[in-house]
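Trainee: TrEMBL feature annotations, pasted as is:
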type     : residues  : note
COILED   : B:232-259 : coiled coil
DOMAIN   : B:336-431 : domain 'Sensor histidine kinase NatK-like C-terminal'
TRANSMEM : B:6-27    : transmembrane segment
TRANSMEM : B:34-53   : transmembrane segment
TRANSMEM : B:59-75   : transmembrane segment
TRANSMEM : B:82-107  : transmembrane segment
TRANSMEM : B:119-141 : transmembrane segment
TRANSMEM : B:162-181 : transmembrane segment
TRANSMEM : B:193-214 : transmembrane segment
Amino acid sequence: MLLNIIICEDNEELRMYYQLMIKDYIKKHPNISMKIILSTGNPNDVSIYMESHPNDIKFFLLDIEFPDSKIKGIDLATKIRQQDLNSKIVFITTHEELTTLIFDRKVEPLDYIAKEIGLDGIKKKLYQDLDITIERLIPSSDQNVEKFNFKISSKKYAFDINQINYFESSENNHNVFLHSTNEIIEFPDTLKAIEDRLPNFYRAHKSLLVNPNNIKSVDSKEHKLVFKDGTTCDVARRKLAALKKCLNK
Amino acid sequence: MLTYNTAWAINDFLNTLLLFIIYFSILPKSKSKLNYILVFIICILLTLFDTLSSNYPDLSSFLVVFIAAFFIRSNHSLTDRLLVWLFSLLLTTVTQGLGSVVIIGVLPSLSDPKTAGQSVILFTTLSILNYFFSLITLNIFQSFDKRYHLRAFIKDNVIKRIILITLIILNLFYLSLDNLTKYLNIEQRYFKITTLMITVTIIFMTVSITMLIYSHFREMQTKLKLQQMNERDAYINELEKRNNELRKLKHDYKNLLLSLSVSANDNKSLKPSIDKLLNYKRMNLTSDSNKANLYSIKDKLIKGILISKLIYASNNSIKVDFEVDTKANIPSNYSVDITRILGILLDNAIDASHEAEKPELNFALISFDGYIEFVIKNSLKSSNTIELNKIYTAGYSTKKNHSGLGLATVNEIVNSNNNLLLQTKIKDGYYSTILTVLEDQ
């Protein structure tokens, strides 16, 4: 598997220096095949490359402000993300251009490198990011976890199924809440449709679809389910027995 | 008969003089020795004119305005002078009428003097009453002016013209009524009715003119406000542009510094100083450009709540970062709902981050294809234990003595709306909420 590295930085000297750093890194890791496939100051070149090589594994090092071009780094990165969910993007820029929340939501970059930290700092962070990228390149057993896929408008989400405690439908509208230990996400869907997609899950209530793998115990007195992380939720009384049976399997 | 005529002439002289007294007290700038002498001469001439042509008793009233406007020198504009002349004339003639009515009403025996003594008493009383009423009215007018700055109010040309026309109409109306009753020699009670009519008319006109002026004034104020708002928007745009230019410049300058440090790599003494320059904290402008971006939100309600909470948070020493995607387009039909939700969420975030070791509040408005997101993120106290699946139920609160109704309200609004979606997340010591607003299909 070849890792294609793309650099887009408008300052020529800096671009050369990044190239040197990365080439150095490549030399130090001879058993991993990677290559600087494109190094440019023009974001349009990156777009063209993206279109002609959709299936490559890519690592992007992007500046955000290009004074000579109408395309902003953020637009370029959004475009990259839309075409390829798996490519790694690292922004290298000055403090002022960083609007991290917006970037996080739009691009989910691997990292931000601020130019203020100086060349040595940049080198250190860049090598760390490359390490992470390589690590994730090698498919490992715990990375092959099952994902639950859903969409909010045009954006795709993939959520680790093992993390899900339960799904809950709301009374008044056609949305479903996904409950995990640290996250609640509302998205447009129906419990019925999710139930069909996740046969392991158990419909404990008209408005409740639970993940049996995460249930710790069933509290028959209080009609409650207790999950492994300590959270609880109410269950219909007549479903309790069936649920217990299902859990004991 | 001679005493009567003399008394009448003195009364007439005093009345004419009163008009000038009022004029000078309203426009004190016209006071000068030359004008005093002129006034004296004019008054005598007019009294002579009145005694000689007693057939047209009010002709002198017209004459006095013209003569005075022509002879009395002052540096006020013609409209101003005319205004004050007409006002003085109306005031003196109306108070004259009032004086007569009072005499007819209270001392009817005096109204038709038989002896010389009676005529002296009659005209003295008339003059005194006339001065009394006029000066009281003038005083009331001036105290109003002091308190409500009437003069500044009257500076507007439209208002001036309205008042001028009103004064002309009132003057003509009164003088013609007065002349008519005198010329036809109608009984005294008709004279009373005339005075009553003119008083009612004056009150009516004053009220309606006041209302007219008030509405005009309001209109001017709204125009002014609109203009100010436009100017402010233009200023903010300009500020944003400058900010962008400055940012670009800084980007270039940091690039240059960084590449300079590449070439200075061998020089041990130069490199640290370049690094220092590169990391010079005072050159960071982020917060200011963030504020400018907030102003670019078109929805007034949402802009309002964001700006007020941003200011409140930064005043409470919370590190604030507000990011706004300038392309974001907020559907106006959700404006009220979004404002309510953001208000509650931001309040919660401010309270929670306040307790944290490092108070931090981040906000972002992000636009995507077909939807927008409001992200609110705050730092948490490290010992915080929030039960995520309970926070949206009424009554649950991590704060002491708190109703815990806020998030329940948020939940209610979100649940009643298919296009509003909520995500909540706790990660790495941060609590974040994302409100997604889907565009209508």
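Yeah, the Cβs are placed from backbone N, Cα and C, and that goes for glycine too.
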Trainee: Output the single range from B:6-27, B:34-53, B:82-107, B:119-141 maximising the number of Cβ pairs under 8 Å to the transmembrane segment (B:162-181).
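Mentor: Going through each listed stretch, the top one turns out to be B:82-107.
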Trainee: State the residues, same chain only, that lie 6 or more residues beyond the ends of the transmembrane segment (B:34-53) and have a CB under 8 A from a CB inside it; answer 'none' if no residue qualifies.
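Mentor: Sequence-distant neighbours of the transmembrane segment (B:34-53): 5, 8-9, 12-13, 16-17, 20, 24, 59-60, 63-64, 67-68, 71-74.
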Trainee: Residues of the same chain, at least six outside the transmembrane segment (B:6-27), with any C-beta under 8 angstroms of its C-beta?
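Mentor: Residues 35, 39, 42-44, 46-47, 50-51, 60, 64, 68, 72, 74, 76, 80-81, 84-85, 87-89, 91-92, 96, 119-120, 122-124, 126-127, 130-131, 134, 138, 142 contact the transmembrane segment (B:6-27) from elsewhere in the chain.
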Trainee: So how many of the residues in the domain 'Sensor histidine kinase NatK-like C-terminal' (B:336-431) end up helix, strand or coil by DSSP?
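Mentor: The composition, in the requested order, is 33 helix, 28 strand, 35 coil.
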Trainee: Which sequence positions outside the transmembrane segment (B:193-214), separated from its termini by at least 6 residues, show Cβ-Cβ distances below 8 Å to it?
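Mentor: 90, 94, 97-98, 100-101, 153, 159, 162-163, 166, 169-170, 173-174, 177-178, 181.
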Trainee: Could you tell me the mean pLDDT over the domain 'Sensor histidine kinase NatK-like C-terminal' (B:336-431), as a whole number?
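Mentor: Average per-residue pLDDT within the domain 'Sensor histidine kinase NatK-like C-terminal' (B:336-431): 83.
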